[in-house]
């Protein structure tokens with residue numbers, strides 16, 4: 001019941017994160033932390049059997065805002081060559097938290113106590129409200145939405161903390177703040193955009209649908225592999241810890257391979273391995289030795305988790321900054337539908353498992369063809385080492401974005417011009433994702 005409630009509440013990720021297009025990453029995080037903390041306290045104090053799952057459902061929807069706003073903020077704070085490592089490090093923290101959860105459950109021995117232990121860190125995050133330097137607003141989003149005054153303050157704060165003098169010349173005849181003044185007029189008004197504006201482009205919709213489809217498969221097909229693990233051990237902890245450990249291995253695998261072989265190539269490999277493992281288990285389970293079934297299940301579980309992780313990361317890279325929140329929310333909402341499908345199978349006591357396996361195995365094969373339509377992300381590591389001055393390049397990237405008329409998602413000051421052109425074809429279509 002607990003897992004089903006969380007899966008259902010996570011389907012509200014998209015609706016929560018649509019607000020992030022208007023309110024910003026920092027505001028959505030703080031609001032989500034506040035609401036989730038209050039709902040967690042109400043869950044602790046609830047004595048009604050019906051009120052407790054309701055509060056948990058609401059808390060799960062607000063926690064989706066915490067996860068998504070922090071994920072995108074981390075991505076937009078760092079330079080493109082280091083985004084993969086930052087995302088995978090956050091994945092290791094999630095794995096560590098899942099490993100600790102059963103231990104806390106054993107120590108607490110009661111749902112209200114465990115709920116209180118899980119809510120306490122959320123209340124500590126409210127300290128971010130008083131200290132903006134700990135969790136600042138994304139300067140990329142501020143500049144993309146023409147909030148120039150706030151963007152200047154944020155960049156000045158970053159420069160001061162990094163020990164970089166903003167008056168020094170970073171490039172010939174350019175400085176960090178004067179370049180912004182050259183691009184933006186003094187009386188420019190903020191421009192906010194909604195995810196419905198994506199109807200003006202085919203490219204972004206195509207990428208969003210494909211990555212949402214692959215994430216849906218990566219989350220939904222995991223049940224087909226974890227079900228086979230119960231044969232070897234009836235205890236819940238065996239399949240739970242094995243799933244968590246394969247998630248950690250998937251993070252390591254992505255860290256060492258994605259930057260070398262590319263995002264699309266590794267996504268394609270993960271989809272192929274997932275589909276092959278699922279098809280072999282579907283057709284040959286009764287003929288295979290028990291050890292081979294276990295190996296195929298573990299390999300399929302690892303590749304499906306890598307497919308899900310890389311789909312989210314790939315989507316955050318190829319989507320433009322101005323609509324990154326809404327598009328990533330759509331992608332992750334599709335993934336939560338797959339999680340809900342697995343939870344429904346457990347609630348029905350494996351009723352319809354064969355049909356569930358057939359459908360997701362077929363989808364996994366179909367996803368291989370869809371991934372071929374994705375573009376490769378241009379943001380790969382370069383040979384030069386990172387230094388603290390490299391962050392200022394976001395200004396140059398933003399200037400390039402705003403001055404190229406051929407870009408399908410060019411921001412226009414004129415309110416009549418659409419955010420995204422209908423043709424959706426441009427050679428530098430991925431540059432805005434920086």
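Note: Cβ is positioned from N, Cα and C throughout, glycine not excepted.
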For this session: Name the residue range among 291-314, 387-410, 411-434 that TrEMBL annotates as transmembrane segment.
Result: 291-314
Problem set entry | Stretch with greatest number of CB pairs under 8 Å, the transmembrane segment (353-374) reference, 85-107, 237-258, 265-285 candidates | 265-285
Exercise. Would you call the transmembrane segment (291-314) and the transmembrane segment (208-225) in contact, using three or more Cβ pairs under 8 Å, pairs 6 or more apart in sequence?
Worked result: yes
